[in-house]
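Q: Take a look at the following structure, please.
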């Protein structure tokens, strides 16, 4: 009993010392403030934690105008210091990503059930807008696979792209406009935290499921099937594939297999040796050129190989008069714009921050939202559909040595030249090669190592990942995403209303206290129950905490494996909310 008594005396001395310290260093109430002042402070900390107006303090009027213009148009900030050395690097990277953007733009437009030319339009105007408003040096913008899939599948539920192609195109532009308004509004109103509800687990499962759905949709092109299902589910796709075996074309299958192996091999080489990034970057364009020559020379279109056909020449026509907000389709375009806007915004900002971290510079999330939203609003009025920062193009841009957003301008100029003079060359491009390009691009979205890491860290998050994955595959893309987001929000509510509480023990020979279940050397102090509440206390969890602490008190001694029930003298609550 003597050691126990000595331990209790030491703790009593510590408490007495703490009491003396309190008397010496009294905690005084904060200075009185009006309710309006408190509200303004709270509002500022919530929506303006970075205090974007601090750079204007103490500046003359002329300087304030310059800073304001640079804040709205980041190109005015880096443009005056632009040099020939930077220009050379951006020229190389811009031409490199253009070689990838052209075939991908055509492929992703077909994925969205839109005319292939719209994909090229969407690789021309949006990069120019982003170069003016964007803050990332490495982000390469244009159409992306997931947003294209979402746009095409959601609109196709109500409108047929084959029976009503003009209406479908109009609704695609309208959905893009709504997505742009949403994205820009989130940036202006500083509401970017909304996209944080799409957790890493949710996005990992969603992206992997979407990649499989996108790949399965390419079986139509890879096998040469004419009558293919309009549904996205895995069961419907396989049913359609094996019920139409008579439509399979061996010429199409052979060409698709060869180019798919070529593209995957090029991707593998670039992943193993990053310095050879140009191999995977140029492989899609090489595939398009070679396959087009093969079809043209051997008249492949007469042997069951479907081709793109004639594409219109010229730059983007204005499409502001094609935006449709009729009541009949308003719900459809609002829903489509909301989902595609959030997904594309999340992807674009995540990609931008990833490469900014690699180069040790900051990307302003709110500026990025405004930039992406502006380019989609302008794009919808110039025959473009939803665009954002693409990981594959941005990786190529980064590895090619891009120094600024001017690489996007170089890419846009290259696409402009293509639209003006090179469109007839794509007439005999086979659809099977476009399908191979899409499959190769989306394979990288299946991130098994990240899924395994989520499993090791948090089993509940892994459940969210699985729900997103299987929901996308077996139900639908948007429903799978909704289920995963719903479960994530439920988890947040559970963490708020059922905060984790743990028993703390002392590390012998120190004044450090740690979780007994995490540190084997931690020891319980007899007579003391030290609990750590690892979340803020609020009205939603007070009842639960009262019941949980009462149970800890009742179970004291037995729960910690003591031979007999010990007397409890003190309950210490650590409410730092770790």
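Every residue gets a Cβ built from N, Cα and C, even glycine.
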Q: State the residue range annotated as transmembrane segment by TrEMBL; the candidates are 432-455, 504-527, 528-551.
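A: When 432-455, 504-527, 528-551 are checked in TrEMBL, transmembrane segment belongs to 432-455.
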Q: Quick test of your reading of TrEMBL: among 370-392, 554-576, where does it put transmembrane segment?
A: 370-392
Q: Are the transmembrane segment (404-426) and the transmembrane segment (432-455) near each other by the rule of at least 3 C-beta pairs under 8 angstroms (pairs 6 or more apart)?
A: no
Q: Among the recorded stretches 167-186, 248-270, 462-490, which has the greatest number of Cβ pairs closer than 8 Å to the transmembrane segment (370-392)?
A: 167-186
Q: Is it the case that the transmembrane segment (114-133) and the transmembrane segment (462-490) have 3 or more CB pairs under 8 Å, with pairs at least 6 apart in sequence?
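A: The answer is no, given that the two segments have fewer than 3 Cβ pairs within the 8 Å cut-off.
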Q: For the transmembrane segment (329-350) and the transmembrane segment (248-270), check the count of CB pairs under 8 Å (sequence separation 6 or more) and say whether it reaches 3 or more.
A: no
Q: With DSSP as the yardstick, break the domain 'STAS' (518-578) down into helix, strand and coil residue counts.
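A: Helix, strand and coil residues of the domain 'STAS' (518-578) number 13 helix, 12 strand, 36 coil.
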